[in-house]
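Q: Could you have a look at this structure, given as structure tokens, before my questions?
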């Protein structure tokens, strides 16, 4: 079912016939809306009922009559032979009849657990509708309910009890060719805090986006939780909690646990990309600094958020009518000095340096504020090395609203997890000092956003350029003026970054790769979209965005001499090469894998 890719052969009448055949699509019978073009068959190591219980191989009721005989499925399925279109319509109807987003999420995850091809087809074809259901904001509630909703295992869990066994236990994972691992320790899930092993919902959701948006096949991704315990008292006393029910392991024991995990996975899969996700601020930067120079890894909260925000900021400059090189002239106030806030500052600062600013000039653009006010030199003893870089000589401890007013902020970025932090007087003061203020409340989920789209547009009289971490509906002002807020979501960056790094066989993820990824994303926004106030492209273009990001990352890997899997001299069209390598969720013919002896 779905669209196959076939190649015509010969010339003259044969090619004409091939062309006519290519246009013909059945609308009745078991081949309705399916392609009869040649598709390379997939050899499967199972047969009969085992195929139907394998989500990677099962097509549900869409197995054709020939396959039912060939794979010993006859009698195991209802008589009517459906196709992917019918199956997809049935799932979409069920989702759209539900009012609750968490119920919609459960319907989708049920499909995920029994038919991965159909699940990813639904995501690819309806990304704008489905992304908020499988990831932010709904994934936050899904994580909180993870223990109560647990149906079947997905991914791997590493605990203190596994110390000494990890090198062997990674071979329990049934797939030999893992390209991307997304790992969390559950210590800082979105803006919800420590959810322990319940944080597994985050890697599962992220990797679904890698498959659907980034074109990495489902058998090549692995979600992981490093379960070092939890400091969440509610979970420690919850009889249904599924994780290690003791206080978190910290210090040297914790880092040894992570290190053994890293050694184990890179030993079995030497070229795997490891994405660190939702680690607490006190550990995230330390882990990234330790592994980034000799492992293919990145931290999505630090680097992914930074690159996505950079793309949004570059888009905002274009929307203002400024050149992107005007970045170094901005007054950027960042609310939140955790791993995300500092990560964004680092990526923006690196971009300014790329554009020709000195490190000192670039650093002077930033005003970073945490719960105690503006970061100042007098706090140095309690700040991390990365935070110290942005500590100001004067006004340390100044409240956020005063910083915005005194320093005439042109950009206000929120990464605090404090819902409603941006107050009306603060935003109105910003609008007085700046013709088109850039306001990005980036905290997730929606209830944690520092302000809503409606508030930002209303308090600036529609002058602001707005993007948020969670989705908001369009805002209507007056009789006919409609503003379209866009989502500053890391899914615009990490799928393409992972795809590009994986295809190139990169050794590390460099700062320049993040910069070119952000640039590729920023360049994807059209002038018409900017006119509507959008600084990110529509989500239904996400696979095209990921392809462009992947091409930029591969080009940069080649330029840095890091591309171990690609010989640029042998590839005429890099975009076509990447497109061919992207997973497309369609049903392909299945044949039983068996040895033939004569």
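One-based numbering along the chain as shown.
Yeah, the Cβs are placed from backbone N, Cα and C, and that goes for glycine too.
Copied straight from TrEMBL:
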type     : residues      : note
ACT_SITE : 135           : active site, proton donor
ACT_SITE : 206           : active site, proton acceptor
BINDING  : 188, 444, 489 : (S)-malate binding site
BINDING  : 277, 278, 301 : divalent metal cation binding site
DOMAIN   : 112-292       : domain 'Malic enzyme N-terminal'
DOMAIN   : 302-558       : domain 'Malic enzyme NAD-binding'
Q: So which recorded positions out of 135, 206, 278 end up within 10 angstroms of residue 188 ((S)-malate binding site), measuring C-alpha to C-alpha?
A: 278
Q: So if I draw a 10 Å sphere around the Cβ of residue 277 (divalent metal cation binding site), how many other Cβ atoms end up inside it?
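A: I get 27 for this one.
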Q: Looking only at Cβ atoms, how many others are within 10 Å of the one on residue 135 (active site, proton donor)?
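A: Excluding its own Cβ, the number within 10 Å is 25.
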Q: In the structure shown, with every protein chain counted, which of the binding-site residues 278, 301 has the densest set of Cβ atoms within 10 angstroms of its Cβ?
A: 301
Q: Where residue 278 (divalent metal cation binding site) and residue 444 ((S)-malate binding site) are concerned, what is their Cα separation in Å, rounded?
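A: Cα-Cα, rounded: 12 Å.
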Q: Given the recorded positions 206, 277, 301, which lie close to residue 135 (active site, proton donor), meaning Cα to Cα within 10 A?
A: 206
Q: Express in Å, rounded to the nearest integer, the largest CA to CA distance found among the (S)-malate-binding residues 188, 444, 489 named in the record.
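A: Among the residues the record ties to (S)-malate, max Cα distance equals 17 Å.
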Q: Provide the number of Cβ atoms within 10 Å of the Cβ of residue 489 ((S)-malate binding site), excluding the reference atom itself.
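A: There are 27 of them.
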